[in-house]
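Peer 1: What follows is a single structure, and I will ask about it in a moment.
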Amino acid sequence: MNKARLPIHLVQFDLDGTLIDSLPQLWQAINIMRSQLGFSEVSAQTVQLWIGNGADILVQRALADAQQTPPKASLIKEGRVLFADAYQSVAHQEIRLFPGVIETLNALKAAGLTLALVTNKPFRFVPDILAATQLVPFFSHALGGDSLAQKKPDPAPLLHTCQALNILPSHSIMVGDSENDVLAAKAAGMQVAGLTYGYNYGKSIATSQPDWVLDDIRGLIELVKNPHPLNKN
Ligand SMILES: O=C(O)COP(=O)(O)O
Ligand SMILES: [Mg+2]
């Protein structure tokens with residue numbers, strides 16, 4: 001059944017796989033960590049399947065794959081430090097925005113909407129990435145995966161952002177590439193648009209049943225003006 005659609009005042013964006021293609025840098029950092037620990041390198045396609053639950057889980061997945069068994073706590077600890085050092089040095093280098101991102105953010109801002117960032121990436125990596133991609137001025141609020149005790153798919157970061165900006169979840173939309181974004185938005189009582197070009201464990205975002213499925217982020221520009229069920233995919 002179609003829900004009544006309320007006007008949208010706040011757009012919350014995911015980062016990895018939605019605004020930026022961070023796979024090259026995450027892949028590089030995972031391989032640096034694996035090499036330093038004496039493990040073989042992996043393909044970008046494999047690393048892509050591990051993205052979505054923050055850096056700690058990414059490292060755990062990369063080590064479990066390397067050992068073909070759950071890694072010991074001491075190895076995970078070592079891996080996290082090596083990954084963090086490697087990623088810190090490459091995270092913002094030659095980073096690519098997905099097509100239409102700047103055009104979309106400009107159009108939404110010009111339409112008077114408030115924009116926020118809610119990523120599962122640890123917050124310490126976020127400011128350099130936003131600065132390198134010239135995204136800083138767009139966002140009124142930004143949270144990382146370690147900013148609160150819970151991260152997506154928990155609704156807490158999305159609800160926290162609504163509260164901080166004094167905008168109701170029912171007047172907000174989440175935009176992301178992962179089932180974690182869709183689950184968090186639904187649990188928060190927000191509308192949600194799923195993008196097809198990012199990282200979702202190799203699955204189609206449509207399987208999570210977001211309110212809209214978009215192949216191009218520029219689709220948001222019309223959607224937020226008229227978030228009517230007829231626009232629904
Ligand atoms: O850090 C991750 O695993 C994914 O980050 P995201 O929430 O911006 O997609
Ligand atoms: Mg993402």
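Glycine residues also receive a Cβ, built from the backbone N, Cα and C atoms like all the rest.
Found this in TrEMBL, in case it helps:
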- Asp14: active site, nucleophile (ACT_SITE)
- Asp14, Asp16, Asp177: Mg(2+) binding site (BINDING)
Peer 1: What's the number of neighbouring CB atoms sitting within 10 A of the CB on Asp16 (Mg(2+) binding site)?
Peer 2: 23
Peer 1: Return the residues near Asp177 (Mg(2+) binding site), defined as same-chain residues 6+ apart in sequence whose C-beta is under 8 angstroms from its C-beta, sorted by sequence, else 'none'.
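Peer 2: Asp14, Asp16, Gly17, Thr18, Gly194, Leu195, Thr196, Tyr197, Gly198, Tyr199, Asn200, Ile205 - these are the non-local Cβ neighbours of Asp177 (Mg(2+) binding site), listed in sequence order.
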Peer 1: Tell me, how many other CB atoms lie within 10 A of the CB of Asp14 (active site, nucleophile), whichever protein chain they belong to?
Peer 2: 26
Peer 1: Suppose the Mg(2+) site is Asp14, Asp16, Asp177. Which further residues of the same chain have a Cβ inside 8 angstroms of that site's Cβ centroid?
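Peer 2: Neighbours within 8 Å of the Cβ centroid, excluding Asp14, Asp16, Asp177: Leu15, Gly17, Thr18, Leu19, Gly52, Thr119, Gly176, Ser178, Asp181, Leu195, Gly198, Tyr199.
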